[in-house]
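These came from Swiss-Prot, pasted as-is:
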type	residues	note
SIGNAL	1-22	signal peptide
CARBOHYD	58	N-linked glycosylation site
CARBOHYD	66	N-linked glycosylation site
CARBOHYD	74	N-linked glycosylation site
CARBOHYD	122	N-linked glycosylation site
CARBOHYD	145	N-linked glycosylation site
CARBOHYD	158	N-linked glycosylation site
CARBOHYD	208	N-linked glycosylation site
CARBOHYD	336	N-linked glycosylation site
CARBOHYD	340	N-linked glycosylation site
CARBOHYD	471	N-linked glycosylation site
CARBOHYD	500	N-linked glycosylation site
CARBOHYD	516	N-linked glycosylation site
C-alpha cells in the first residue's frame, strides 16, 4: 500500500511538471497546435502567409524557416540551439517575420541567405558561438546576399564575432538595435568585392565591441546616421574605430557619436564619402588612415567634433591630404587646437589638414541696467557648438557693481547663440560702473571646463550705466483708536515733487472706521521723491461734541515710515480738517509736514 501511494504521488508530480513546462505553438490560420516550432513550420497545412504564435517556454531546437511565415512570441519564448553547428534560426524564404523571442546559442542567432522582405524585430539574441574565425559564423544576426530586409529594436549581445554581419546584402534597414559585448564588430557590412549597398544603419547603440563599432568594407552608398558607439577597442590589431570606412565609397556618415574608443574614425582607401556632424570623444586617436591600402581621397570631412583625444590624426603616409576638411563656413572642432578666433568663428591657423577649425569664443556683448535689475548678454561668437562639446558643462559668469559681486552659471551655447544673465540688483539713480566677465585660466580655458576660448579679449566688459529711479509703493494706514465709529472723507493728490511738481493722480475716498479698526489705502507705485498731499475731513453731525482719536501711518516701500496721532474733540455739527503731505528722502525715511 505504501509503495502504491508513493508511486501515485510520483506520477502526479511528473504530470504536474509536464503541465507547468508545456509550451504551445499555434498556427492561427489552421488553429492547429504543436509542441515544437519546427513541427508547426513543417506541417503540410502551414502555408505562406500563416501566423504562428509561440507561447512562453523553452524550445530546444534549431529552426529552419523555409516558408513566408510570421513567428511571434510575447518575449517569453526561449529558443536554445540544440546544435552549435547550425544557426539557431535559419531563414531561407522571403517575407518572414520573427518577433519577440529570446534566441540563445547556435552558430548564428539568426542566419538569412538569399532572402528579401524579412523583418527581425523585438528579439533578444545572444551567445552565438564558433571556436575560430568564420565568414558566416559567431554572429547575432547574419545576412548573406539578402535585400530589403528590416532589423529593428533587437537586443544583441555576447556573440563570438559580430552583432550584425551583413555580407554583400543591399537595401536593408538596420535601426534601433542595442548591440553589446561583440567579440568582433558591432555592425559589419562587407563584401568579397565592391558592391552597391544602399543599406540604412541608424539609431543603433553599440557598446563594447573588439574590432569596430560600425565597419564598412567595400560597400557603397550606405547611410550611417545617429548611431551611438562606446567602448570599442582595437583588439590588438590597430585597425579599429567607432566608425571604420575601408575601401568603401559614397557613403553618408552623419550625426553619430563615438565615445571611449581606441579610434574615432578609421579610414582606408575610401572615396567620395560625406562624414559630417559626428562627435568622437575620449578616443585615443581621433582620425587614422591605414598604412596598408590605397589613399583616401575626395571625401568631405567637416562639421565633426573631435574631443579629448591623445592623437588628432594618424596618417604616416600623408594620404588624408586630398580630402575636403572644411567649407568656406568652417571645418571641424579639435579640442587640442590652440589657435585664436579670426573674427569669423574659426581659427587663425590650420590644424593638420583643416584650414578653418571651429572654435569657441564666448563674449560679453552688452550690459544694461533695467528697472528689474542688471542684464548681461553673453554670446558664443565661435562656430563651435558647446552643447556638442560638453552638453552638461556650466559656464561661469561674474558681474560686479558698487562693490557687490554676483556669480552664476549658464548652460552651454550653440554657435552664434546668446543668453541673457539677470541679476536682481537694482541700480540706484546716478552713474554706476558695471563689470561683467567670463573667467578663464592662464591658458585660455574657461574656468571649470576643458574648453578653450579662442579670444579672451572680449571676456571682460565694463560699462557706465545710468541708474533708475525706482518706483515704490505709497500707502496711508488709518487706525481708529476711539470708541465711536467715524467717517472720513479723504482727498488725495500725488505730485512729481513736493515743491512745484505736476499733479499725476487724484482720488476722493470715503472711509468708515469702527472702534479699533485699521484700514490701509494703497496709492500706487511712484518714484520715492514724489509727494502725496492729502486733505482729511471728519464731520460731527450730532448736537454734542465727539472725541476723535486717530493714528495715521505714512509709508513708502523700503523707507522708514512716519506716524502721526490726532486726539481732540469735534464741536457739535462741526468738522475737523487735517492737511498733510509726505515724500521720500534720500536718507531713507518718509518725510511728513
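Any Cβ shown, glycine's included, is placed from N, Cα and C.
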Among 208, 336, all listed as glycosylation sites, which has the most CB atoms within 10 Å of its CB?
208
Please identify which of 58, 74, 122, 145, 516 has the densest Cβ environment, defined as other Cβ atoms within 10 Å, among these glycosylation sites.
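Most Cβ neighbours within 10 Å: 122.
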Does residue 158 (N-linked glycosylation site) have same-chain partners at least 6 apart in sequence with Cβ under 8 Å from its own Cβ, and which are they?
126, 127, 180, 181
How many neighbouring Cβ atoms, not counting its own, are there within 10 Å of the Cβ of residue 471 (N-linked glycosylation site)?
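So the Cβ neighbour count for residue 471 (N-linked glycosylation site) comes to 14.
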Would you mind checking how many other C-beta atoms are within 10 angstroms of the C-beta on residue 500 (N-linked glycosylation site)?
7
What does DSSP call residue 66 (N-linked glycosylation site) in the simple three-state scheme?
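It is coil.
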How far is it from residue 471 (N-linked glycosylation site) to residue 500 (N-linked glycosylation site), counting Cα to Cα, in Å?
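Here the two Cα atoms lie 20 Å apart.
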Looking at the glycosylation sites listed here (122, 145, 340), whose Cα lies nearest to that of residue 208 (N-linked glycosylation site)?
122
Which is it, of 66, 340: the one of these glycosylation sites whose Cβ has the most other Cβ atoms within 10 Å?
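Buried the deepest by this measure is 340.
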Report, in whole Å, the straight Cα-to-Cα distance of residue 145 (N-linked glycosylation site) from residue 74 (N-linked glycosylation site).
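That comes out at 30 Å between the alpha carbons.
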Given the glycosylation sites 58, 66, 145, 500, state which is nearest to residue 516 (N-linked glycosylation site) when distance is taken between Cα atoms.
500
Compare the C-alpha of residue 336 (N-linked glycosylation site) with the C-alpha of each of the glycosylation sites 58, 122, 145, and give the closest one.
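For residue 336 (N-linked glycosylation site), the spatially nearest of the glycosylation sites is 122.
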Measuring Cα to Cα, how far is residue 122 (N-linked glycosylation site) from residue 145 (N-linked glycosylation site) in Å?
23
On a C-alpha basis, identify the one among 58, 66, 145, 500 that is nearest to residue 340 (N-linked glycosylation site); the candidates are the glycosylation sites.
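Closest candidate to residue 340 (N-linked glycosylation site), judged by Cα separation, is 145.
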